[in-house]
């Protein structure tokens, strides 16, 4: 109820602060009998972790996950799975100068007003570091969905700042630090290098999709598949916009061209983005998100302090100049958690039936 | 859990089908002591109801609301408020031709696969008619929020199909059937008339905002104010995209300009759209949504029937050529329900304190 | 959250007041495809309804149920089922004398302090009349469970006031107004007649059980099958105690005799009452409840009024001298709702598997 | 949803197994600003921990709690509080003989059927050891309630096996290992010594109460204060019965004597046990529970193995011969968690108002 649990039947309760002793989560509702060890989870955490290139925060954190419960002799038992990640590189002194002031665009001000108290070390609870346990939980969901339905998830960056990134191939995504689907990322490197030199930050646009999603997942009125995806994505730090399928482009489309035709072989397009009436159609889920520029920058900004007086704020310390760069694994995990939860909800009400998949997906 | 209840502390459970005996909702959690009668609710229903202009469905439905419980001698008692709207104009024969086929872009196919059964009359449960009870519930939330905090809600259309609508003034919104913030809507009328003649439909873009929202509402991790807004908006029929504040424009912004500066007098901009770190900042909540073109159109479309065979589909009957036209009151209500729920959640954890509001809001 | 919804996956939201226009409920999560009409529900309502003998309230209310949604062509569609029962016999003037005073043992005082306002007509929301929608919802659950697993529910009265009722046979239960499992109820009639003459009321003890409950339902830690049964039973008006299986008798038992032995043919006793570690064992669920004497009696009582001054209270009007007499159908329904919810929860996590039943149940 | 979270607004998610690396919980929803350290929690854990007398299990476990999150500079921040207790004395070899067989009266059989897999080490998830994190969470609730309302909790043993324990004084409870409210516990010691010698176990009856509970807590229909107490108590390992106030004795009471009279100075009795219509009345909450005899005993029992064949079971290892002996702190904590949750729920709906307390409580 205080918003630290994601999902209803595959419920992930997240805890921890950026610079506290540990962060982690408890997964409640995982089906029993899934083979699971830390080795299933660590790779996704490694894809997200800081310190891996010059374009992300230099905080060096191994983010090693430990399974504290819910697994016996290598298999899930159906009881809660606690995943713990100890914090090891907490350079808290970097943040001393922001305790009494509010960074423009940062959660500082709102937290202070809400609770009357906040943990300022590394952003405390508002840090994007808290996405790490979700990436870990998402890895568990991904594994179960892959084994049960063959469902897969992938994402990439489609724009950084003002630079659009034309899609070339999924194969390139894992070969550069940007998760960009292009062979040559030198333009991106130059853009980011210039930005960093100026002490500024920029936004990004990312795409995430899921294939082989069973037909019929999602609830009809409020917990629509697309509504829950929007909730999941907009809940990721710095996200300011979410589109499903054609998204904002659908405003200018006509009904005669927007609706994806059906043939006996499947759908003939994917303006829907994989969901009709809030329920998965068997088309690929296709989601696009906008990520705003980081608020912790070296450029001085006009602000106020906790007493309401005018002041100027500069954020020193280690920060991502574009949080979108490391966000792809996070988007994949959150999408996997949404699909997982709806897979369990569907079989609660409708039984353990998987309807025929419609094979024609959006063109990459 | 099956997705028919919206909200956690101000929980609205929606029931009914387009052509069943009645639709309605049960509000659980309304604070006691609020003066309430049907007259507080009917005006918003009247703003949304069909049959009011040539640009919306000609279904003629008075949508008269009855309060069945939860009010005693004109005041809420703290117990569930059941709101009932009887269906009176159910011209079901119009839909006979769509029972065995799936409309491209419509929920038909997904419902059929999910449940193995569906009520096809007027779209059954997937009809946008089910937003009427939410407008009714939203009116209750609006009234309580207005009395308690002075919070107000308003919305307008900002684009219809390919036609952008430049903002002139809020005062015009109630003076035309499009909820357009412009004095002269003749271009919109011409556009819609041409579309209707062709038997086609189009999308729309709408804006909705809230002023005088208390600072500190929203939860830090998952039930962020913006995440819950995205969930609420994307859950409205036909919505394909949601933006908060600068939205997708923030991708190309720099951190030095995106973050809204603070001064002792308040914020100096509203790229945030009223939420920082998922928590309301006191700035106006600013939301933009994309609505896709209606799938029920007179233009013939390629599709399949329930046996998987190829067929052609034409939708006769009464339909909105642009569902965005009547959507403004729905957006306002859903936004009000989100704010209401978070207002109650906030005082559960943090007590009944209203923090100082930040007066400088986004420019209209 | 405000406590008007029962169950999580088969969620029943109850609304209404004793003397308002209507009472009812919305069932969310019913599996699709169940054949359902009012005729499936009305018989249980008739078993519970008032005015059927001289030992229950003379309020004469047909309690006719209407299905407003969720059923199409005689089958459930998976969408919310709204069940409405109109109030027809609201003799409100009977209650005028209790508006300003608090009946000892009645909810009056607590409601007044909680909400600062209450609907006093017939007890308003605190009336046992609000169990009628639960009986209706329970009938839906019973039907699905019977068809899916062969699960059945039955209950009886085992003590009224100081008179214990020795179990003779289930067949007698439906043949007397007390739901007593005995052929001759003349002693009960005499007891109740004498009580009524004195203007007093008495308590009762009831038993309810379920047979053919699938093994494995219930959650391990908090939502244990027995915990949820205790919650359901203690939530029924006037219930003050709940036992599962051996109940309070287990205090004086030894471990060597309490634990039910297992043999290849099943369990050899049922001290467990059908649940081990909170999970159904396949033994019959066996529950016993204590119901307190009605607080609305003709005997004058010392009390206070809403200003805190001393006063004397007599309750006129029509009341049950022993609410336990009509409670058996309520207990059955609440037990059915608990089992139903856990059946859906179980298949969400563990799939649609029914484990072998253990045939040896408690001796009647 | 899988039953590992207790409470809705003060939500405690429990994780861990008896012989895994650690057990613990995450508290979500704790109000910010509460002074909190491990020293506030450890004393209650010490009251519950094993190895403290010859009448409880000899497992020697310090049960040291660590706060991993949610506290900054000694105060709660409003974010999740993770409490971790490492398992240190896991003598797993003791349990080897029970992996393939089912103990009569134990959760073994039901877990195996539910999940198809179970962690048998020390009872795994079904171990009463999992109450330790609830005692820890309860200590946090107790502290907040004491500071906010002056609410206090206490409990004692009232019967062990066949021996009733007459109440002498609360002061004796902390002076003997039985939590017995009597000066001389030699009879209890003799009884337990004899039982242990026979390799058998016995049940117990306990009482728990709360004073200075604000009036008006609890929801009117399903989440009644007493229903939630019954749920909480029946969810504790081995509990088979729960009474509120007069409990089963109310069956034979008359309405004219059961209902507690009110005077301007407060209530004149406490048959209600502190709740009227499910809402706290200001009287002391008074709860009584029945605890069954332990199923892990040295006496040989008839049972079956996992292949369904007949076998005989003896449980070696370290076990409590009467789990009721250490249960008092658990009951107090669970009661505190119920009151805490309802305190937050009440202020969500009705605001931060504490109604006048009714000073006359039940006689000790």
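Our numbering is plain: 1 for the first residue shown, then up by one each step along the chain.
Each Cβ is built from the backbone N, Cα and C atoms, and glycine gets one as well.
Copied over from TrEMBL, here are the features:
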- C:48: NADP(+) binding site (BINDING)
- C:125, C:126, C:127, C:237, C:238, C:277, C:292, C:293, C:294, C:295, C:296, C:318: FMN binding site (BINDING)
Tell me which residues of the chain lie with their Cβ under 8 angstroms from that of residue C:292 (FMN binding site), as long as they are six or more apart in sequence?
C:105, C:203, C:238, C:239, C:240
Let me know the DSSP-derived helix, strand or coil state of residue C:296 (FMN binding site), please.
coil
Rounded Cα separation (Å) that holds between residue C:48 (NADP(+) binding site) and residue C:296 (FMN binding site):
19
Counting only other Cβ atoms and using a 10 Å cut-off, which of the binding-site residues C:127, C:294, C:296 scores lowest?
C:127
Helix, strand or coil at residue C:238 (FMN binding site) [DSSP, three-state]:
coil
Near chain D: which of the binding-site residues C:48, C:125, C:127, C:294 have their Cβ closer than 8 Å to one of its Cβ atoms?
C:125, C:294
For the binding-site residues listed here (C:48, C:125), tell me which residue's CB has the most neighbouring CB atoms inside 10 Å.
C:125
State the three-class DSSP label for residue C:48 (NADP(+) binding site), counting H, G and I as helix, E and B as strand, and everything else as coil.
helix
By the criterion CB under 8 A from chain B, which of the binding-site residues C:48, C:238, C:292, C:294 would you report?
none
What is the Cβ neighbour count of residue C:238 (FMN binding site) at a 10 Å cut-off, with all protein chains included?
24
For residue C:125 (FMN binding site), just give me the three-state DSSP call.
helix
